[in-house]
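Database features (TrEMBL):
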- 68-375: domain 'Peptidase A1' (DOMAIN)
- Asp86: active site (ACT_SITE)
- Cys99-Cys104: disulfide bond (DISULFID)
- Cys258-Cys262: disulfide bond (DISULFID)
- Asp267: active site (ACT_SITE)
- Cys300-Cys334: disulfide bond (DISULFID)
Amino acid sequence: LVLLWLVAFSECIVIIPLMKVNVMQETASGKNLLNNFLKEHAYRLPQISSHNSNITSVSLEKFYHLIYIGNITIGTPPQEFRVIFDTGSSFLWVPSISCSSSACYTHNTFKYKESSTYRKMKKRFRMTYGSGRVKGYIAYDTVRIGDLVITEQPFGLSLKTYGLDWTPFDGILGLNHPGKSHTGIIPIFDNMMKQGAISEPVFAFYLSKNNERDSLLMLGGVDRAYYKGPLHWVPLAQPGDWRVHMDNITMDGKVIGCSGGCEALLDTGTTSIKGPTNLVNIIQRLIRATPQDSEYYVSCLTINTLPSLIFTINGIGYPVTAGAYILKNSQGRCYSAIHGGTEMRQPGEFWVLSTVFLRVYFSVFDRGNNRIGLAPAV
């Protein structure tokens, strides 16, 4: 009976393949992988029509280094888009066919006149991710993610974008709680739960460390083949956001951050571990990183000798080795994927555990019980 239940439960999981892409410096093999991914999910370049100047601006998250993108469709018949599935935000947006920015020439755009289920709202959206800007309005339509169909989903259509010309994604699909939706509309995961599209109110990420295994988003359940040992459940610091309480951060046996406890956001839309600038600078000195432009570089020969960063959460230590937090660019130089700046987001000590952390640890986001599960990824 237990076996039959597990089989039935596994059949309820919707698995979405994700493509890992290096935004800032793609290697030759990385470009080939992206080209193959795009050929497999081909789309036509958008047309450009007149713009609307009476739209509000919105900032966007800073997307550096490795990001993970997947496909969704919007409208009837379906129109395909490449999006980042982002646990740090709650809003879905894609470019409109009416977009007049140069970025729209190289991205898929939504042709609203071709969708029989499209419905426009008069409401304009304003939200903040980080750097870059978007202007747009809100509409309703049918969204499909794998086999899931979500009807009457509100989403944003951008009419102008800034700073996103060469990004490999068309838009962003937020998976955070409704309280983090700056637009005041229902996020797509909440609509999935409301419409009974998923059997369990959970989703999970497996972000591969290399190109030998696919990265995945799981909706409605968890496949335990992608992690080792038990899942350790961590209660949310407060319901309504994917933040947890962190005990401390150590390196070489010394506490180098979060000494009195602090909060950390698990964020699939951010590509570097982030913390207060003064504490991140201490880490860069400890690993003997040299600043140049906006990066900190280390000798690639020293990676095996550098200490791990250990994040202690709910009494359990989660080591991230130098092999995980040091990345290599297309010129063969090694740089630290740890950045400062969280003091600009909020007062007090705050950290963002990004895809650098989530490549090491399989993560389960449980809306039903307001908790996050972590286990070493295979």
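Just so it is clear, glycine is given a Cβ too, placed from its N, Cα and C backbone atoms.
Predicted-model confidence for the domain 'Peptidase A1' (68-375) is 93, expressed as mean pLDDT. Separating the Cα atoms of Cys258 (disulfide bond) and Asp267 (active site) is a whole-number distance of 18 Å. Relative to Asp267 (active site), the disulfide-bonded residues Cys99, Cys104, Cys300, Cys334 all have Cα atoms farther than 10 Å away.
Less than 8 angstroms from the CB of Cys334 (disulfide bond) sit Tyr297, Val298, Ser299, Cys300, Ile303, Ile326, Leu327, Lys328, each of them six or more residues away in the same chain. It is Cys300, among the disulfide-bonded residues Cys104, Cys258, Cys262, Cys300, whose Cβ has the fewest other Cβ atoms within 10 Å in the structure shown. Put simply, Asp86 is the one of the recorded positions Asp86, Cys99, Cys104 whose Cα lies nearest to the Cα of Cys262 (disulfide bond).
Within 10 Å of the C-beta of Asp267 (active site) there are 23 other C-beta atoms, taking all protein chains into account. The number of other Cβ atoms within 10 Å of the Cβ belonging to Cys99 (disulfide bond), over all protein chains shown, comes to 28.
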